[in-house]
Structure formats: structure tokens, C-alpha cells
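Written below as C-alpha cells is the structure these notes are about.
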Amino acid sequence: MPQLQYPECYLAPNRCLVSNCGVNKMSNEELVGQNHGMEGEACTGEDVTFSDVAIDFSHEEWGWLNSAQRDLYKDVMVQNYENLVSVAGLSVTKPHVITLLEDGKEPWMMEKKLSKGLIPDWESRWENKELSTKKDIYDEDSPQTVIIEKVVKQSYEFSNSKMNLEYTEKLEGKHGSQVDHFRPAILTSRESPIADSVYKYNIFRSTFHSKSTLSEPQKISAEGNSYKYDILKKNLPKKSVIKNEKVNGGKKLLNSNKSGAAFSQGKSLALPQTCNREKIYTCSECGKAFGKQSILNRHWRIHTGEKPYECRECGKTFSHGSSLTRHLISHSGEKPYKCIECGKAFSHVSSLTNHQSTHTGEKPYECMNCGKSFSRVSHLIEHLRIHTQEKLYECRICGKAFIHRSSLIHHQKIHTGEKPYECRECGKAFCCSSHLTRHQRIHTMEKQYECNKCLKVFSSLSFLVQHQSIHTEEKPFECQKCRKSFNQLESLNMHLRNHIRLKPYECSICGKAFSHRSSLLQHHRIHTGEKPYECIKCGKTFSCSSNLTVHQRIHTGEKPYKCNECGKAFSKGSNLTAHQRVHNGEKPNSVVSVEKPLDHMNHYTCEKSYRRETI
């Protein structure tokens with residue numbers, strides 16, 4: 001293992017923490033301005049423990065990181081542990097968090113605060129040895145920048161010298177500055193934009209002023225204080241590429257100064273290479289490659305459907321422990337993240353971030369095929385699958401494939417019959433929370449989506465889009481069998497089942513089969529007698545919402561179906577269809593039934609035909 005050399009400013013007064021560093025005696029005036037007059041001492045591996053170099057995240061901070069940043073964190077933690085073992089030997093006990101990371105599990109990280117203590121004056125000296133930097137595309141207060149700085153900074157400190165000093169325990173003597181419980185910024189609501197520019201991860205220029213405290217945890221720099229790192233500058237690709245590559249394969253996260261070139265004020269610094277791991281572990285299902293076997297094992301759960309983490313409240317299972325942790329918040333009802341614009345609260349910071357884009361309206365990611373814009377690059381990636389018709393997620397029970405993994409999870413609940421979301425008003429259960437939210441609007445009569453043509457309001461956006469096709473009469477989806485057109489692709493797919501006679505949904509009571517699941521649910525209410533839809537005007541109840549909608553037109557007088565020939569309007573589409581036969585001269589019931597002749601035939605024997613058969 002090559003010997004590491006360090007600048008003098010890394011060495012604390014009174015002690016030399018690096019073996020054979022070549023510095024036998026140092027000037028006290030140069031380091032701290034005080035006359036202690038002590039020789040440097042060689043240290044052992046016991047001077048540094050894993051807790052000195054461990055990187056702790058709170059639950060909120062961990063939830064903010066994307067997959068690439070989490071992979072970077074895991075690599076740094078393992079690298080720190082390996083460096084510690086190489087220095088201290090096999091006597092080091094493997095920490096529990098390392099075991100979790102090697103097994104591909106999510107770490108349970110708790111917040112870690114530094115105790116009040118003394119800060120060495122050599123940190124202020126380090127401030128004078130600034131490196132030239134370029135303007136960063138990120139604000140230095142950016143939450144994501146802070147988190148990544150935190151990971152790489154601690155790895156850098158340990159890789160340099162196994163001397164990650166704790167201000168209260170590692171230094172002797174008295175110094176002027178103190179820090180009160182410094183910890184990284186609590187992530188709030190901002191997701192940093194990512195562009196084709198240089199990210200600069202500023203590392204290790206800690207500057208504190210006398211008797212200053214970081215009293216605002218939401219900010220990484222306060223008035224008179226700064227926490228900046230200026231050693232490492234890293235070029236990263238676009239955010240969409242980060243999802244597939246943790247770092248550019250052939251480049252080092254920390255530049256190694258093997259040639260002994262001058263560092264800072266004439267001192268050399270050699271840094272070990274980290275995060276230069278090849279992706280040799282390939283998934284046999286989808287071909288995605290990973291740098292570690294443990295990460296591949298965790299990814300494999302997507303294909304196998306393995307979910308080892310179970311919620312004790314509702315029995316729902318998850319593939320990762322972090323997902324279970326986020327889910328538990330839904331049971332507690334806690335919503336600590338509040339939007340400052342409208343006051344709406346959320347249980348997860350990611351949900352707040354997504355919500356705030358509705359206020360700003362910013363959508364920087366545009367689809368090159370159709371021009372549609374999105375606020376997040378992940379939404380753009382999902383949207384592109386619509387154009388490519390790529391369906392990666394397949395149901396192992398019925399073989400149906402889906403573009404999105406969330407759609408597969410939703411679909412699988414049809415087979416399991418799982419309905420964990422129950423309405424408190426009527427007790428009806430649903431398989432997903434969005435269906436429950438939409439159902440609850442029946443009780444609250446909340447209708448927030450308004451048609452700009454007829455001013456009719458709807459409880460969901462999908463209903464509004466479906467309604468607007470009445471005004472436009474646009475039906476781009478045509479059946480190749482009968483040339484019937486539809487305004488939605490889903491309606492066409494449902495219609496095609498009529499031609500192939502596919503009826504996969506069978507009633508468990510009478511055995512009758514149906515082409516659509518919705519038809520089965522509606523039929524099942526005949527056996528149960530359930531009529532959940534009630535008219536608020538007269539109290540009449542109905543088994544399906546469409547019948548209630550048609551009935552309400554009696555009270556409102558609405559007649560949306562208008563004849564183009566004579567202008568007559570009708571409340572039902574079927575009535576309009578029957579009326580149009582008058583203009584077309586159609587008489588479909590001219591054929592007389594042998595078993596039950598028409599009542600009119602009992603008195604007349606003429607050849608006149610009738611549009612309707614009366615029995």
C-alpha cells in the first residue's frame with residue numbers, strides 16, 4: 001500500500017497522527033500561535049475508530065438522495081472500513097452498518113451531532129490556502145450538494161490520514177472557536193436542477209469564526225459562518241445518465257498526486273482512488289450492470305417480486321427496509337412537510353417537492369417526440385416508454401405487461417384481492433389510495449375539474465378528459481374489425497374483447513362471465529343488492545354511477561345529446577340513437593317473431609313494419 005503524504009496543516013498541535021510522516025518537530029507558533037513545545041509522536045491504528053469516519057444521515061436526508069447518490073454513499077462507507085482495516089488490522093470489529101450494506105440492505109441511519117468542543121486553529125490556516133475554483137452551477141446551499149459533500153468529505157479526511165479529529169476529544173490545549181451541534185442541512189423542498197454543466201463538489205475548507213454557532217439547520221452557511229469544501233471538482237453527466245453510472249468509469253473521484261507535485265504551499269498529497277468500480281455483475285433478466293453483487297441481489301427483487309419487509313399494521317410487504325419506513329408514516333398520519341405556498345402538508349419530502357412544481361410550473365424536460373414537458377427527468381423517462389411501447393414489467397400470473405412498475409403492483413392486487421384502503425364513510429375498500437381519494441369525493445361532492453365548454457365539473461381529471469371528447473367528437477382510435485371509432489385507446493381495447501369473445505371475469509355466484517372487470521363488479525351488486533350511489537335531490541339509490549348521472553339530468557334538465565338534423569336534445573345517448581332512425585328511415589324490428597307475434601298483428605294483416613316491438 002503506497003505511503004500517503006500530507007500537508008503540515010493537517011497535523012494537529014502536540015501530536016503527529018501519521019506514522020513515518022517525516023515531520024519530527026513542528027513550530028507551535030506556526031500551528032496554533034502558542035508555545036507548547038512538544039515533539040510529534042507516531043500514532044497507531046487505535047487513534048482512529050470507525051465511528052470517527054462513519055457518515056450518518058437522518059431519515060429525511062436519506063429520503064432525499066437518489067439511487068446514484070446512495071450508491072456513492074455505500075461505496076464510500078465500505079472504502080472507509082477497508083482503509084481502517086488496512087491500518088488497524090483484523091482486530092477491527094465489523095460495524096453493523098457495513099454488514100447491512102454488504103447484504104444489499106438499506107442502512108438505518110440516525111442523526112449524529114458533534115458535541116460542543118474546541119476547533120483547532122489550523123483550520124483557519126487552511127482557509128488561507130485556497131485553491132482556485134470556478135463558479136458552481138449549484139448554489140452552495142443546495143441540499144443535494146450538501147449531502148454529497150458530506151459523504152465525500154469524510155472519506156477524503158480518512159483517506160488522507162486516519163486522523164478524522166473530533167474537536168473535543170482529539171485535541172489538547174485551549175483554542176478560541178466553538179461549534180454548537182453542527183450537523184448537515186435538513187432537506188426541505190428543493191430539488192436541484194441538473195444540466196449539461198460541471199458540478200463541483202466542494203470539499204474540505206471548513207471555516208468557522210469565533211464563538212459562532214450554526215443555529216439554522218436548514219442552511220449550511222449562516223451569517224459569518226461558512227462550511228465550504230474546495231479540494232475536489234468532479235465532472236458529472238446529465239442526471240438521466242447518473243441513474244446508470246455512479247461515476248464515469250475511468251475517472252477517479254479523488255485525484256491521486258503520484259508524481260509528488262506541489263499541493264497548496266509546496267506540500268505533496270497522495271490520495272487513494274475510490275469509486276472506480278467496474279460494473280461486472282449483470283442482471284440476466286434485463287441486462288442492467290452493477291458494481292457489487294449485493295446491489296445486483298437487491299435489484300433482482302424487482303424481477304422475483306421478493307418482499308421480505310412486512311408492515312405489522314396492514315400486512316403490506318416491501319422489497320427494501322427504507323420503503324417500509326416511508327410506508328409506516330402513512331399509518332401514523334404524520335405530515336411534517338408543509339408547502340409554504342398553499343399550506344398543504346405531506347408525509348414525505350419527495351411528495352412536497354413534486355407538489356411544489358405545480359406552483360412554479362417549471363417543466364425543463366421536454367420530449368423530443370411529442371414536445372410534452374415534464375418537471376422531473378424520471379417522468380420524462382417513463383413517458384418515453386409510451387412512444388417505444390417498451391413494457392418491462394410483466395405479471396407472472398397472467399402474463400400481462402406494463403410500462404411502469406407501479407402499474408404492475410396495482411395490477412397484481414387484482415389477483416391477490418388486496419384492498420388495504422377503506423372508506424370511513426361507507427366501509428368500501430380499494431386496492432390503491434388514489435381510488436379511495438376519488439371515491440371520497442362522492443361523499444364530499446367535491447368536483448374541482450371544470451369543462452371550459454359547458455362549465456360542467458367533474459371529480460377527477462380523467463372524467464373531464466373523457467367528457468371533453470363529446471365536444472370535440474374526436475375519435476382517433478378505430479377498430480379494424482367493424483370500423484367503430486373511440487376517443488380513448490382503453491375503450492378500443494375493451495371493445496376488441498367483444499370480437500374475440502374473451503370473457504376472463506366470471507361471477508363466483510352464478511357463473512356468468514364478462515369481458516370487463518367493471519362489468520363483473522356492477523353485476524355482482526345484483527346479488528348483494530348494493531346501491532352505493534344516492535341522489536342528493538330525491539334520495540334514490542343506484543348500483544352504478546352512470547345510472548345516477550343519467551338520473552340527475554331529470555332534476556337539472558340537462559340534455560347533452562343533440563340531433564344534428566332537427567336540433568332535438570336528449571338526456572341519454574341511447575335515446576338520441578333511437579331518434580336518429582326516424583331521419584334515416586331505419587325500421588330494424590320489421591321481422592315478426594313467430595313465437596310471440598306483435599299485438600298489432602292480432603288485428604291487422606297489413607305489411608306495415610314498426611320500429612319497436614310491443615309485447
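The backbone N, Cα and C atoms fix where each Cβ goes, glycine too.
Segment annotation: Swiss-Prot labels zinc finger over residues 561-583 (candidates 32-54, 101-123, 193-215, 561-583).
Of all ranges given (2-24, 71-93, 393-415), Swiss-Prot attaches the label zinc finger to 393-415. Taken residue by residue, the zinc finger (337-359) breaks down under DSSP into 11 helix, 4 strand, 8 coil. Contact between the zinc finger (337-359) and the zinc finger (309-331) holds: at least three of their C-beta pairs are under 8 Å, each pair 6 or more apart in sequence.
Tertiary proximity for the zinc finger (309-331) is limited to same-chain residues at least six positions away from its ends with a CB under 8 Å from its CB atoms, namely 59, 62-63, 105-106, 108, 298, 301-302, 347-348, 418, 420.
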